[in-house]
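*Asks:* Copied straight from TrEMBL:
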- 19-332: domain 'Kinesin motor' (DOMAIN)
- G107, A108, T109, G110, S111, G112, K113, T114: ATP binding site (BINDING)
- 370-393: region 'Disordered' (REGION)
- 370-387: compositional bias 'Polar residues' (COMPBIAS)
Amino acid sequence: MTTATAATAAASSASSLQSVRVVLRVRPLLPSEASSAAAPCVSLVGTRPGGEVTVQLKDQHTSRNECYKVDSYFGKDDQVSDIFDQEVSALIPAIFEGTNATVFAYGATGSGKTYTMQGSEDLPGLIPLSVSTVLARCTGTWCSVEISYYEVYLERCYDLLEPKAKEIMALDDKDGNLQLKGLAWVPVRSMEEFQEVYSIGVQRRKVAHTGLNDVSSRSHAVLSIRISNDTVKGKLNLIDLAGNEDNRRTYNEGIRLQESSKINSSLFALSNVISALKKNEPRVPYRESKLTRILQDSLGGNSRAVMVACLNPVEYQEAVQTLSLAARSGHMLTNMSSASKEQTPKVKVDMEAKLQVWLESKGKTRSIQRTNGLFSPTGCKTPSSMSHMKLPKSALVSSRTKAMDRDGGKIKKVLFDLGVHTPAKNTPRPSPRDEVKTIKKVAPPSLAPCFEDRSESPIRKVLSPISSNVMALKQQTADDVTCPPSVEPKTPIGEYHMVEKIPGGTPLDKFNALGSNLKESLIQQYLELLNVANKEELQQLKGIGEKRAEYILELREDSPRPFKSLSDLGNIGLSSKQIQDILRKTANGIFK
Ligand SMILES: Nc1ncnc2c1ncn2[C@@H]1O[C@H](COP(=O)(O)OP(=O)(O)OP(=O)(O)O)[C@@H](O)[C@H]1O
């Protein structure tokens, strides 16, 4: 057992008490990634016996870093069987008492969700491990086991066990209970039977090659195991969610972009549901997406859930996005590097996630390079950091690719060959030669190769009084864990003070200072207006239409003052050029 698993072992007894546990799974570097100059962005900084684990995300290109708390952590040396033993197996006895449970793998595309849920021949995932455990428990009893397997694709449900992709309808019965009309339940009595049925379904699932994953899942796939005996029926849902996608990186177009927009909005809806459940809110928004609708009887109430948040260790932005959405689920974000930072980053991240969903639901994407590249310390990417954009084919053959192999029209039984799952200590680990070890450490890149030349950009000049006041933030401890200090650019908010005197300055210096202060004042007033104006007033502002005004009001519900600096305008989908235009027109208006 590794250090991380030892720390989480103590937590496993506590796991049965929580309704939603969030566990972090960081996959190893793939051979194709190991050769790039990327260093891991995630590290374990502290554990508390029987309690949470603190992880730090750190961007190697900037000084930005964040700490999050999760219920447990599984690193590159941990196996899926460790996750099963410590987090999932505890859910199984409850389904024999009629309680439903859900385990879902959540994360960006290529972060290892399918690897974790489905696994491979040699290293079975949580799905086969769960089925074998359930079957073993049923041996010698009157209990029957059935499985269903379906996917949610473009907001519609399709049965993966039916030869012709049959659509399933989610309906309420007369008692108000959810029924998935048309869904096939197939009895399974052995792992062989399960393998046969499941591998056919796996091949029917919609996957496609994208810019980030050779075999990217385009749907959420739900494998349900239902047990029934004379008195009870219980269900365990095991869900391989489609990856949260950043279309700036995937280069998705057409149908891929449409898929991606639905994927992202349904994941966002899922995080809203979990957030509402965690906060015990009276209304849980199950009906916001098909995914949450079909999980209505397995999320909430006395059901229990485990969210496995999967991370690619070299993708900082993705990691932030994954952990912040998981944090929206009421679980994680607890510590930033200073008291003053405590609120802003969460708000920013939530806004980012919201904006992404909002824009993508309208078929648009936003260029973060254009907005963040100018204003944010995270936006300046070096060519080496962009090397992930077109990955060569992975040297590892994905489990799904293997599962999709055909041999003379006959489906190969390649998913796994497993009887009953044995505890982790007996599970064969990969031989040392199979382990991916190469993690390169690189010197921090210089700022020179940034897309935007900060010193020359006209808007950068306009913004210089704001973005230059970078200050070191105070180090803060989270319980006994310390997150390293960080710096964050801050925009002064509130009273604006005109600099009246520049000691020793020439009349021209004074005049230039006045101009710069006027610009700053204008920006501050504009931001302030966005923070306080009502919808009608917002609509009258240049560059803010009705939809954007509504969106601003929505953001203000989450955070009273969401606009603290110009970079926050990126969060309402305004590019740097648009911001520049707005400010220029506003300034022109003054002199009319
Ligand atoms: N723990 C791991 N150890 C070794 N390789 C892994 C691990 N996790 C994932 N991989 C490899 O990483 C690649 C991407 O994994 P996977 O297909 O599971 O991602 P995903 O999150 O399901 O992506 P998508 O959302 O696009 O379907 C695959 O080649 C897979 O074999």
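Numbering starts at 1 and runs along the chain as it is shown here.
Glycine too: its Cβ is placed from the backbone N, Cα and C atoms.
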*Asks:* For the domain 'Kinesin motor' (19-332), what is the mean per-residue pLDDT, to the nearest integer?
*Replies:* 85
*Asks:* Radius 10 Å, atoms counted are CB only; among the binding-site residues T109, S111, T114, which position scores highest?
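*Replies:* Going through T109, S111, T114 one by one, the largest Cβ count within 10 Å is at T114.
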*Asks:* Using the structure shown, find which entry in G107, G110, G112 (the binding-site residues) has the sparsest Cβ neighbourhood within 10 Å.
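*Replies:* Each of the binding-site residues G107, G110, G112 was scored by Cβ atoms within 10 Å; lowest is G112.
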*Asks:* What is the Cβ neighbour count of A108 (ATP binding site) at a 10 Å cut-off, with all protein chains included?
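*Replies:* A 10 Å sphere around the Cβ of A108 (ATP binding site) contains 25 other Cβ atoms.
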*Asks:* Can you check which residues sit near K113 (ATP binding site), meaning Cβ under 8 Å from its Cβ, same chain, 6 or more apart in sequence, and list them in order?
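*Replies:* Counting only residues 6 or more apart in sequence, the Cβ neighbours of K113 (ATP binding site) under 8 Å are A105, Y106, G107, S217, D240, L241, G243, V308, C310.
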